[in-house]
Structure formats: structure tokens, C-alpha cells
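Asks: First, the structure itself, so that you have it in front of you.
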């Protein structure tokens, strides 16, 4: 069967299910597709096909993730669900599946559990903009307990700087919805309405300020220096002023030509692989790892806080722990930069498989803002991944 072309008639939003093991994340994902399929807004996916998620590699890390798509009357959603707890941590830290919002699934029978807390914390650390809660298994939970669970959840969300009092908490049973029970199905529709309303529409990459990481540099005799790379966000037109940021002191230039596949363009935009001809820039002044950006929109930094995941030995990571002062390479966008790691107080060492917050100081400044993802490497081999949570200087 030929693939249908993707129609862009509705805003697109990326979401995912998060929460403690066995609280019903995958059942809920299957139930959403089943209920929306009856309205012609999704293809039904059964539990098994979501649960046996294929493995993918992102920044050298293997993650199992199921991708499901569906629509509501207002939006088109790409939804991710991960089989294992470690897959969630890796997914959120590597940004393999950038989430514009998430559905936190909590079993009414158990209430918040350790992974519930950990997923909320991670969602805060990696800046998932909004959460909606599905309180699952309410058909088999004590009604008084459910009220307590709701209060506890709102307090927990507030503790991690989410608007605990305002977040919609939808009560239902994903299993009943999946079995075609009307009450269950109603809770799924309520949930989708809450997701439509409460999770904000993301700013598209093309609407953000222009930024292109430099991958390669050429000089064209008599014309100047060309930086090539894939435009990460925004758009650029000929004769616009740009800044070259990172590694060396920031300097300004003007784009005098934009080339793509040997053709000259008036404008380049997010997603394009382009070459930018820069006025008055010598070939020695531009190098891989710098970025070309709209002036004033990004600055170079050397010190930051990050949330990191360290690969297990079985994932191709280190076989031994590391200690305070560890000096690997940090791979940002297109280049490796050496940096030293300071562990949090009270943490003596980090074992393969751990995730934690660390402070990093790089030997040269790199253009960065909060949420920038990076890989941690040793001699070209990926041993971890991270996300910048706070810039220090």
C-alpha cells in the first residue's frame, strides 16, 4: 500500500506517556488509538505492538521507543511510549523524542511511586513544558484513596515547579477503555480534550531565531569563506547580519550568498543543508563546532549544570565508575570539547547506568542555551548523554 502523504492541516505536537512501571502507560497508549480509531482519527495499535518497541540509536545510545500517531479534531500528535524505565531516562536526557508535553500515568490503586517522582523530576530538568495526569485503574481503587492520591499528586507536581493546582487530572480505566467500555472511553476523550487545551502548541523550528552549526569550511578565491551545515532553526536571507559564536571570540559578519546543492538561494531555512558565504571572514577564523546565528540570540559558555545518563557496560559504555574531576569530551552539535566534571556533594563516584546532575567546565566556550543536548565521549566512543539544565558562565 502506498504511503499517504502527510497533510499539514493541523498543528503538530509531540507527546509521550510517563510514569511508574505497571501503572498502565502502554495500556493507555493503546486505548487512545483504539478510541480515536472509532472516530477515524487514528489507526488502532494493540498493546503487544506498542510493548515490543523497536530499538533505535540516538547519539550512540540504544533506546527502545514505540512511536504512535493519532489526531484529535484540533491537532496531529506523535506519541512515544517506552517499555522500560531506563528507556525513559535515556529518551528524556538525549532528547531522542523531544516532548512538547507529557501524559503522566498514575495508578489510583498505588498512588505516586518512586518512578513517578523520578519522571516528574526529569520532565522538569529537561524542560518538558506541560503535563496532564491520567489517574488510571480507578474502577478497582477505593474512592477515598483516589481523593488522597489526587491531593498527593498535586503536591508532588507543585514541589517540582509544575502548576500542581491547575494541571488537569483525568480519572479513568485504560483497560476498560481498551475493552470498549463506554465510561472508560469517555475518560479517554476527556483526557484528549485536556491534552488539546493544556499542552501549549510548540513554536516551530522555522519560527525560532536563525542558527546553523558549522560542519565544514571552504574558501572560494576572490569571494570569501563558506561555512556549511544543516540549519537548525529559523531562516536566513542574503545580506543579513549574523554572529559567529563559540571556540573563539564572537564576531559579526554578513551573509553574502546562500548555496544549496550547487544552487544559489535567496533564503535558507530550518532543515536545509546549506553553505553560507560570509563577508570579511578568513578561512582560519571559522571552524567546525562554531555556530552562525542571528546576532544577540546565543552566547558562548564554558560552565553549566547538566542532567546526564551514563551508559552501562552492556550498552557499550564504561566498564568502571568515574570520580570527581573526570575529563571526557563533550560532543555539542558538531564537535568534541574536553571538559571536567564536578560531582554533587556527597556523591563519591558514578557507576555505569547511573543518571544524575553534574557541573561541567569546558576548556573552550561553546554556543549553548538551556536544553542543549550533548554526548559524553572518550576517544570517539559514546559513554553517556546529557542535557544542559542551567548555564553558570
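For all residues, glycine too, the Cβ spot is worked out from N, Cα and C.
Straight out of Swiss-Prot:
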type: DOMAIN; residues: 10-203; note: domain 'tr-type G'
type: REGION; residues: 19-26; note: region 'G1'
type: BINDING; residues: 19-26, 81-85, 136-139; note: GTP binding site
type: BINDING; residues: 26; note: Mg(2+) binding site
type: REGION; residues: 60-64; note: region 'G2'
type: REGION; residues: 81-84; note: region 'G3'
type: REGION; residues: 136-139; note: region 'G4'
Asks: In whole Å, note down how far the CA of the residue listed as 'Mg(2+) binding site' lies from the CA of residue 82 (GTP binding site).
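Replies: Cα to Cα, residue 82 (GTP binding site) and the residue listed as 'Mg(2+) binding site' are separated by 8 Å.
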Asks: Taking all residues of the region 'G2' (60-64) together, what is their mean pLDDT?
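Replies: Value for the region 'G2' (60-64), mean pLDDT as a whole number: 82.
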Asks: By the DSSP assignment reduced to helix, strand and coil, which category contains residue 82 (GTP binding site)?
Replies: coil
Asks: How big is the Cα-to-Cα gap, in Å, between residue 85 (GTP binding site) and residue 26 (Mg(2+) binding site)?
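Replies: The Cα atom of residue 85 (GTP binding site) is 12 Å away from the Cα atom of residue 26 (Mg(2+) binding site).
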Asks: Report the same-chain neighbours of residue 25 (GTP binding site): residues 6+ apart in sequence with Cβ closer than 8 Å to its Cβ, ordered by sequence.
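Replies: Spatial neighbours, sequence-distant, of residue 25 (GTP binding site): 17, 18, 19, 81, 105.
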Asks: Return the residues near residue 138 (GTP binding site) by Cβ distance under 8 Å, restricted to its own chain and a separation of at least 6 in sequence.
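Replies: The list for residue 138 (GTP binding site) reads 108, 146, 171, 172, 173, given in order along the sequence.
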Asks: For the region 'G2' (60-64), DSSP counts of helix, strand and coil?
Replies: 0 helix, 4 strand, 1 coil
Asks: In the region 'G1' (19-26), how many residues does DSSP put in helix, strand and coil?
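Replies: Breakdown, helix to coil: 2 helix, 1 strand, 5 coil.
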Asks: Cβ distance under 8 Å to the residue listed as 'Mg(2+) binding site', same chain, sequence separation 6 or more: which residues?
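Replies: The list for the residue listed as 'Mg(2+) binding site' reads 17, 47, 50, 51, 66, 81, 83, given in order along the sequence.
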